[in-house]
Amino acid sequence: MNWLETALSTSSLKEAPAVAVLHLGCEKNRVDTEHMLGLLAQAGYRVEGDEDSADYVIVNTCSFIEAARRESVSTLMELAVQGKKIIIAGCLAQHFQEELLREIPEAVAIVGTGDYHQIVQVIQRAERGERVNAVTSSLDYIADETVPRYRTTHAPVAYLRVAEGCDYRCSFCIIPHLRGKQRSRPIESILREAEQLAAEGVQELILISQITTNYGLDLYGEPRLAELIRALGQIPIPWIRMLYAYPTGITPAVVEAIQETPNFLLYLDLPLQHSHPAILKAMNRPWQGQVNDRLIERLRQALPKAVLRTSFIVGFPGETEEHFQHLLEFVQRHQFDHVGVFTFSPEEGTPAYHLPQQVPEPLKEERRARLMQLQQGIAFRRNREQVGQVVPVLLEQENPRTGEWIGRSPRFAPEVDGVVYVRGPGSLGSLVPVQITRAEPYDLFGQVVEAPAGFSWSGR
């Protein structure tokens, strides 16, 4: 029995308030949620999986773009209608604390992105009848391996936050205002948490921060991602994946570290945002000298087996049909494995909010659909190349009715990419060799087989 199970089973908890936590938004928000759950359980609160039976409902909100805000507000209003005592946490709380407290009387507390570690004290104050505004403008906190954490992901998968905040100022992005400046964890702290997760049986470790490739710059005076990759390569976890790499941060030193670390997956998440120099310049992104083309070509040469994921924004202010055609040609030329496409969301407080030549919403949606249609064909072609190959698959779910497994190969990251549907023997949380028998645009299908000679469990 682990510490959480022990805490949840003690009789004293029967008198403690029950708390449910709803997580919205990205993986960074998920880690905050997991730390709040861990702190609450350690303090003796009953953590419920269902908000209906909870005394308090904590909603860890997202405020990255308009659609995320709408989802967060909709969730809060549904709970308010039910008469729940709500604690609003996360990015929406950081962004709009006064408005939320004014408009949602059911909110007994509000907790900012730099204050989630005080969740126990916040609830204690709310229990005494205080309406709590725990939002600080001093965004300098980052949890380490000593802070209790209860993972909400599938058992074999864990996110590992290496840094928090961002020092870049992309003209469309509100994140630096919501999360503060970059603050990296020491390598030793990250390695200790990785060892803890390995001891829990984690099979896939996913490195995250706002700009993962800038890891260590604030702490050591220079990026230390290459050193971190090599150090994590010594941890007994079969798969290590990295998300949120800034294009110019994939330096030759980082590429060399990836090449030399067998359990580091050949999967690169590079949010490029656009291809046309004029739009990139307006976004305050790297834009000179075909920087993105050169990067992709260099990566294809150095890491020919690498899976490339990227994301783009369409409908940025001033984007013309010529600019958009440039983006279509860029995607066609580079044949990315996975692409996410967002329509520009004007965020108050960012430079792009005031730019002229705002693109009409219907045109944004049309361009998004055209780009996604192009990428669907590319993704299907990429997936069809997998048919006949034997690849490692991490089994994450089982369909009890059919006996079919649902898992992922190294080419698929959780939540954002596809899955592999697997038939054959296996166990939950295990890695198995699977021969791919069929492909769809976003998913694969296969059968468990014997591992061939020289089989790579990281898919290299």
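Glycine too: its Cβ is placed from the backbone N, Cα and C atoms.
Small disclaimer: the values here were computed from a predicted structure and weren't measured.
Marked as domain 'MTTase N-terminal' by Swiss-Prot on the basis of sequence analysis: 17-128.
Annotated [4Fe-4S] cluster 1 binding site per Swiss-Prot: C26, C62, C91, in sequence order, evidence recorded as sequence analysis. Around the Cβ of C62 ([4Fe-4S] cluster 1 binding site), the same chain contributes L24, G25, C26, N29, A68, R69, E71, S72, G90, C91, L92, each under 8 angstroms and 6 or more positions distant in sequence.
For 152-381, the entry in Swiss-Prot reads domain 'Radical SAM core', with the evidence type sequence analysis.
For C173 ([4Fe-4S] cluster 2 binding site), the number of other Cβ atoms no farther than 10 Å from its own Cβ, over all displayed protein chains, is 22. Marked as [4Fe-4S] cluster 2 binding site by Swiss-Prot on the basis of sequence analysis: C166, C170, C173.
Marked as domain 'TRAM' by Swiss-Prot: 384-450. Over the domain 'TRAM' (384-450), the average per-residue pLDDT in this prediction is 96.
For C170 ([4Fe-4S] cluster 2 binding site), the Cβ neighbour count at a 10 Å cut-off comes to 19, with all displayed protein chains included. Neighbours of C166 ([4Fe-4S] cluster 2 binding site), defined as other CB atoms within 10 A of its CB across all chains, total 22. Neighbour counts were taken at the CB atom with a 10 A radius for the binding-site residues C26, C91; the maximum falls on C91. Classification of C91 ([4Fe-4S] cluster 1 binding site) by DSSP places it within a helix. The domain 'TRAM' (384-450): residue composition by secondary structure is 1 helix, 31 strand, 35 coil, according to DSSP.
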